[in-house]
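J.: Have a look at the structure that comes next, please.
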Ligand SMILES: [Zn+2]
C-alpha cells in the first residue's frame, strides 16, 4: 500500500489525528479532509489546520453547513446543551447520518484526486448509539461507494475495535503520543489538549488516557 494515496477524514480530534499518523505510515501520500458544519467551536477547524500544517499534509476543508439546516443539535447550536444520552436514548451530540454524508463526500473527493483509500476513526467499541459508526455500516457503505462510482475504494477503520486506552496505545506505537496529547481537540468546550475536564468528551478522553498510562507503567 506504500505507493498509494489515501484520504483521511480529519476533525483535529484524538481519534482522527491517530488515524492521520496511522495513514502516514501506510501510504505514500496522505490528504486530510475536514468538514465545516458550523461546529459550535471554530477552534476545531483551526486545530485541524494547525495539525496538518505542522505535519506537512495537504488539507481540504469542505463546507457542510447544510447539515445544520437538516439536523440542529448540540454540536452546531449554542442553545442546545451537550448532555449524555439517557438509557436507550441518543446523546444530544447526535447528527443522524453524519458519517454517511462525510464518508460519501470523502469518497467523491478521493475519486477526484485518484485516491482509493479512505481512512476514518469511527469506532464500534465505544458505540454510544451512533448507527453509522458500526462496522457493518462501513462495510455496506464501502460496497455502495464502489458501485456508485465504479471504483475500488477501500475504507480503513484502524480504531474500529479499540477502546480509548488502546487508541492511546496505538498513538504511542506510532510515535505520536505526545503530539496527540498536546495538539488535538476533543473537548466540547473548545479547549485543546487535556480540555476543560468537565464535559463528557473530556471525561472519556481522560479515562482512556489514565487506563493507558497504568498499562504503560506496567510494561
Ligand atoms: Zn471538555
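Note: Cβ is positioned from N, Cα and C throughout, glycine not excepted.
Bear in mind that TrEMBL entries carry predicted annotations, made automatically and left uncurated.
From TrEMBL, for reference:
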type	residues	note
BINDING	10, 11, 12, 13, 14, 15, 16, 17, 18, 19, 20	ATP binding site
BINDING	187, 196, 199, 202	Zn(2+) binding site
J.: Since the record lists 16, 18 as binding-site residues, which of them has the fewest other Cβ atoms within 10 Å of its Cβ?
T.: 16
J.: Among 20, 199, all listed as binding-site residues, which has the most CB atoms within 10 Å of its CB?
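T.: Neighbour-count leader: 20.
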J.: List, in residue order, those binding-site residues out of 12, 16, 202 with a Cβ under 6 Å from any atom belonging to ligand 1.
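T.: The ones that qualify, in sequence order, are 202.
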J.: What Cα-Cα separation, expressed in whole Å, is found between residue 12 (ATP binding site) and residue 187 (Zn(2+) binding site)?
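T.: Distance (Cα to Cα, whole Å): 11 Å.
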J.: Nearest to residue 10 (ATP binding site) by Cα, among 187, 196, 199, 202 (binding-site residues)?
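T.: Going through 187, 196, 199, 202 one by one, the Cα closest to that of residue 10 (ATP binding site) is 187.
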J.: I'd like to know which of these binding-site residues, 187, 196, 202, is least surrounded, judged by other CB atoms within 10 A.
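T.: The binding-site residues 187, 196, 202 were compared, and 196 has the fewest Cβ atoms within 10 Å.
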J.: Taking the centroid of the Cβ atoms of 10, 11, 12, 13, 14, 15, 16, 17, 18, 19, 20 (ATP site), which other same-chain residues have Cβ within 8 Å of it?
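T.: Close Cβ neighbours, site residues excluded: 8, 121, 184.
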J.: With an 8 Å cut-off on Cβ distance to the 187, 196, 199, 202 Cβ center, who else from the chain surrounds the Zn(2+) site?
T.: 186, 188, 189, 191, 195, 197, 198, 200, 201, 203
J.: Can you tell me which of the binding-site residues 14, 16, 18, 20 is spatially closest to residue 199 (Zn(2+) binding site)? Compare CA atoms only.
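T.: Looking at Cα distances from residue 199 (Zn(2+) binding site), the smallest one goes to 14.
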J.: Need the DSSP three-state call for residue 10 (ATP binding site) to compare against my parser.
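T.: Going by the DSSP assignment, residue 10 (ATP binding site) belongs to neither helix nor strand, so it counts as coil.
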